[in-house]
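This report refers to the structure that appears directly beneath it.
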Amino acid sequence: MDLFSNLALGFATAASPWNLLFCLIGVLLGTLIGVLPGIGATATIAMLLPITFQLEPVSSLIMLAGIYYGAQYGGSTTAILINMPGESSSAVTAIDGYQMARKGKAGAALAIAAIGSFFAGTVSTFLVAIFAPPLTSIALQFGAAEYFSLMVVGLVSSIALAHGSIIKALAMVVLGLLLGLVGTDIYSGTPRFTLGIREYADGLNFVAVAVGVFGVAEILRNLESEKTRTAVITKVSGLFPSREELRAIVAPVLRGTAIGSALGILPGGGAILASFASYTVEKRVSQRPEEFGHGAVAGVAGPESANNAGAQTSFIPMLTLGIPANPVMALMIGAMIIQGIVPGPNVATEQPALFWGIIASMWIGNLMLVILNLPLIGLWVKLLTVPYYVLFPIIMAFCSIGVYSVNGNPYDLYAVALFGLLGYGLVKLRCEPAPLLLGFVLGPLLEENLRRAMIISRGDPSVFVTRPISAILLLIAVAVLVVVFLPSVRRKREEVFVEED
Amino acid sequence: MKSLSFDKVNGFAGLLFIILGGFFAVQAYGLDLGTAFRMGPGYFPLVLAVILIGLGLIVLIQATQVSGEALGAVAWRGMLLILPAPIVFGLTVRGLGFVPSLFLTALVASFASTRMTILRALLVAAAVTIFASLVFIEALGLPFRLFGPWLGY
């Protein structure tokens, strides 16, 4: 079987001592920062991104992937223990997980979250391995028009899944696209929007933008109200769930995995949506829905499986099409570009060891998380007592080093400050930064494919609707837009996000 | 006429989009636009900038219709001290070298919190500098000078 020889190659790559080490470091760093409240997975990766640039491409991406699910895991830990979700996708876990902890079942809740995540991770790793190759071969037939339409679908969906006003999210995408165009025009060599600063001729540094908009802006938001963290940390005991608890989580874990895997592929925010969808489903099918909100086991197991599955399957569009499904994947694409790899369907054929190595490392990373983190929970809990005012000077120092080390260009550091300010301003004005980052990554690609498609069609814009795949993709984009603007859906959407806040 | 109620959050957001869109539009207009067949460097950005201005206008109009949440507290002190931190590093890393530059960066950022005392800030900055020098220069081997020409090295 092709699948097995591919996976064997992947595991051979991922299991080399160096890659195992970097996977381990990534998972640990990710958990470490994920546990610290106020810094989500995206900010974590943005900050740690530069550290990985000194490594080989494979090791670097394996480490980044490790940071990603490590951060997810860390986020759930704090959600359960102190009712403070380290990131938005574990906000649901906090609802019932924290109640379990208050009833003295913190250990069981953590173990259930870990088991659910690991199972979901295993299944979805296989899903990635099964679905990535056929998608790749479809993607290889894509021309410029199809790519343009595909990116439009991605951008439109990211709007649908953002918080708050749709118009504002749309504006953020457009702003991101424009910012992505700063730099030298590839066709004519004309510098654009650089204000005459030569250092920006290669475009705004992706890492600087990500660190500014996510990292710095998040620090500023945390500095708004410096409340003391009243972390009433429950003592963790009895790590192993009882037999009946184990039996009770089988169905929620399976359902969560299925929901998460399906939603993770959607652009925009797979993992977050997945955990909410799973919670809603569990509450609806449960025989005792009144338990939800008071420590229902299914309310932890389902969403945790769903968000992990979603996190994994969001790699599918990134690996096969080079289209990011969420900001974290946008960061991964940025990392690939800096490593000199052109993201897209060619990665699987040209760099099979990289492609399958990443897939295999996901499973290894999940295994490490289960083995390492359950015993290490005590250590993570201690970390929560580190005061915030000690943390952010450290974070700023590391961000500065990291951004500077990418190109050795001081102007990238000035860009961090500028985008920190912009990012913070936009957050204050209730604009989501995620669509902006997606736009920023896709901006140059979108323009390039649009211009190429128009040249090939000799200036006839109907090419986008006469080529069947492109037409279908554009129809999907229009459908998504129409649906989010429907009054009933709009109300529902607001309800979902209000619940989340 | 209705009394003029104005939602600050959306009002500012709308204005910001219009200003940024205006900046890109003016800049793009100065570039070669080309035709739809052979687009010049200004074509696509101009289209986007016009869309951004349009969306900004819609947000601005919405601001006069419905009022939403208030702006909330603004981290002025944080902005004043966190944002300059990377700039300090950028300005001094070549001249002063890695060690003093990073120390300054961490020190500046430390004071963003009202809880920070001078002694604590010095300790945190020193610890960060030592740790980062060991990790980035010794272990990862980044090609930075520990001390720069401004200090006579």
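Positions of Cβ are set from backbone N, Cα and C atoms, glycine also.
Note that the structure is a prediction, hence the values are computed from the model and not measured.
Annotation source TrEMBL lists domain 'DUF112' at A:20-438. Residues or ranges marked as transmembrane segment by TrEMBL: A:35-53, A:108-132, A:138-162, A:169-188, A:200-220, A:323-342, A:354-380, A:386-404, A:469-489.
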Contact set, same chain, for the transmembrane segment (A:108-132): CB under 8 Å, 6 or more residues outside the stretch: 3, 6-7, 10, 69, 72-73, 76-77, 80-81, 93, 97, 100-101, 236, 238-242, 245, 249, 252-253, 256-257, 260-261, 264, 297, 300-302, 304-309, 312-313, 315-316, 319-320, 348, 355-356, 359-360, 362-363, 366-367, 369-370, 373-374, 377
Closest-packing stretch to the transmembrane segment (A:386-404), where packing means Cβ pairs under 8 Å, from A:138-162, A:200-220, A:323-342, A:354-380, A:469-489: A:200-220
Per-region confidence, the domain 'DUF112' (A:20-438) (mean pLDDT, whole number): 81
